[in-house]
Amino acid sequence: MVAPGSVRSRLGAVFPFLLVLVDLQYEGAECGVNADVEKHLELGKKLLAAGQLADALSQFHAAVDGDPDNYIAYYRRATVFLAMGKSKAALPDLTRVIELKMDFTAARLQRGHLLLKQGRLAEAEDDFKKVLKSNPSENEEKEAQSQLVKADEMQRLRAQALDAFDSADYTAAITFLDEILEVCVWDAELRELRAECFIKEGEPRKAISDLKAASKLKNDNTEAFYKISILYYQLGDHELSLSEVRECLKLDQDHKRCFAHYKQVKKLNKLIGSAEELIRDGRYTDATSKYESVMKAEPSVAEYTVRSKERICHCFSKDEKPVEAIKICSEVLQLEPDNVNALKDRAEAYLIEEMYDEAIQDYEAAQEQNENDQQIREGLEKAQRLLKQSQKRDYYKILGVKRNAKKQEIIKAYRKLALQWHPDNFQSEEEKKKAEKKFIDIAAAKEVLSDPEMRRKFDDGEDPLDAETQQGGGSNPFHRSWDSWQGFNPFSSGGPFRFKFHFN
């Protein structure tokens, strides 16, 4: 329920001199009110004063039905319509009041206000002039004179706006239209004209705002819905485009342009929806294929190409295809350097490629655009840890595998290197010492990378075998002397080393 105070405020805004309720010089005997109608009028007045607009409206409907020639009933119903923001419904009631009582200056003045807001300037001027000729009160005369001057000024500005539009001076036309629409707020044609100016000036979202207003101000405005749908489509907002073109077809299911556009946007919407569902399911290769279909389905609107590449960039990054991800993410970032999603996805790809400086740069650029994004903050911290780690021991490099290598690849690389660097393969003490160190690193790399939890820690920038990075500072079994490793490997060649070395 609307609060009474709110209603009174609204009434005051729509009726400067007001009507709530003019009763009183016009009531009773002069109107010839019968008992039932008078009851409805009185009850409606009380409900209106209490802010119960819907109930008040019902009473005034009943009064009009009971006495179709009662101008007070129409006038009070117009009051409620205006308080409810229904100016279109109020206007016929005010016109009926004037037909029934030509000297009712309050109704004529109020109708002039509504006509002025609708941009019907000649009709508004006619009402204001008639008020001035009808022996108005001092306040009514002052108000009518003021509004007449305003209507004349709007006529002049309208002519200037049209001249500017015809001369393709859209900036000037917008300036004039801005001023007019502050007064003629319900003029659908002027809003549509300003929307055209905004389109010409490359401001589609402002055009959409005016066209949405025009679609409400003018009945069955299929053209406005069609234009809104086209603008959303060009902006890449396929879902809103589909919604608006459906509104057009609700009004006219045979509208040729709306139907043709509906088929196109529906097809595109389905493709994009399917692609996003595949991404949610982790089916990145299939999602990439879908977005390639999107680009083929709509090659003429650049926004869909950019958005599709942005999502393909994401798919490649998540699917651990860093080379492909970096390439297409970079294409997006050439067009949109501040695209946070592309920056994050390329940064992740750089991490896989062990390009830590580049990853840090991308995360920092993304953070400038969205400093509160936890994913960016965590990614940046990880990249910084990995950079620091890369300057120490890198288990992936030791085994010669990529960061996204599978366990089978890790074991295979480990076996090959363990055989190659087994100390028994070397004769001189210097070579053996070098092999010992290499062999220990290889064993450590295998230990870390074949254990999921240890590998996760290492991938996050923490060396699980480095005592300095462990809480509590415990000893590190892989940072011991070679003597402690004797007995580790099963290779035995009669040399000084005896190992038990198990390939897992």
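These residue numbers are counts, starting from 1, taken along the chain as shown.
Every residue gets a Cβ built from N, Cα and C, even glycine.
Among the features that Swiss-Prot reports, signal peptide is placed at 1-31, with the record citing sequence analysis.
Look at Swiss-Prot and you will find 37-70 tagged as repeat 'TPR 1'.
Annotation comment: Swiss-Prot describes 72-104 as repeat 'TPR 2'. Mean model confidence of the repeat 'TPR 2' (72-104) amounts to 94 (pLDDT, 0 to 100 scale).
As annotated by Swiss-Prot, repeat 'TPR 3' applies to 105-138. Note on the repeat 'TPR 3' (105-138): residues 14-17, 19, 22, 71, 75, 78, 82, 87, 90-91, 94-95, 97-98, 144-145, 147-148, 150-152, 154-155, 158, 180, 183-187, 189-190 of its chain, located 6 or more positions outside it, place their CB under 8 angstroms from a CB of the stretch.
Sequence annotations record features per position, and here Swiss-Prot assigns repeat 'TPR 4' to 154-187.
Summarising the annotation, Swiss-Prot assigns repeat 'TPR 5' to 188-221. Beyond the ends of the repeat 'TPR 5' (188-221), by six or more residues, the same chain brings 119, 158, 161-162, 165, 168, 170-171, 173-174, 177-178, 180-181, 227-228, 231-232, 234-235, 247, 251-252 to within a C-beta distance below 8 angstroms of the stretch.
A Cβ distance under 8 Å defines the sequence-distant neighbours of the repeat 'TPR 6' (222-255), meaning residues of its chain 6+ beyond its ends; these are 192, 195, 199, 204-205, 207-208, 211-212, 214-215, 261-262, 265-266, 268-269, 272, 301, 303-304, 306-307. Residues or ranges marked as repeat 'TPR 6' by Swiss-Prot: 222-255.
Swiss-Prot lists C248-C258 (among others) with the feature disulfide bond. For C258 (disulfide bond), the number of other Cβ atoms no farther than 10 Å from its own Cβ, over all displayed protein chains, is 24.
Positions annotated as repeat 'TPR 7' by Swiss-Prot: 268-301. Broken down by DSSP into helix, strand and coil, the repeat 'TPR 7' (268-301) contains 27 helix, 0 strand, 7 coil.
What Swiss-Prot lists as repeat 'TPR 8' is 306-339.
The disulfide bond annotation in Swiss-Prot covers C313-C329 (among others) and rests on similarity to another entry. Classification of C313 (disulfide bond) by DSSP places it within a helix.
The repeat 'TPR 9' annotation in Swiss-Prot covers 340-373. Using a Cβ-Cβ cut-off under 8 Å and counting only residues 6 or more beyond its ends in the same chain, the repeat 'TPR 9' (340-373) has close neighbours at 310, 313-314, 316-318, 320-323, 325-326, 329-330, 332-333, 379-380, 382-384, 386-387, 390, 394, 396, 402-404.
The region 'Flexible linker' annotation in Swiss-Prot covers 375-393. Through the fold, the region 'Flexible linker' (375-393) approaches residues 340, 344, 347-348, 350-351, 354, 356-357, 359-360, 363-364, 366-367, 441, 444, 458, 460-463, 466 of its own chain, all at least 6 residues removed from its boundaries and within a Cβ separation under 8 Å.
Residues or ranges marked as domain 'J' by Swiss-Prot on the basis of sequence analysis: 394-462.
Between the C-alpha atoms of C248 (disulfide bond) and C329 (disulfide bond), the distance comes to 37 Å. Taking the Cα atom of each, C329 (disulfide bond) and C258 (disulfide bond) are about 35 angstrom apart.
When the alpha carbons of C258 (disulfide bond) and C313 (disulfide bond) are compared, the span between them is 33 angstrom. Packing against the repeat 'TPR 4' (154-187) from elsewhere in the chain are residues 87, 116-119, 121, 193-194, 196-198, 200-201, 217: each is 6 or more residues past its ends and has a CB under 8 Å from a CB in it. Taking the disulfide-bonded residues C248, C313, C329 in turn, the residue surrounded by the fewest other Cβ atoms inside 10 Å of its Cβ turns out to be C248.
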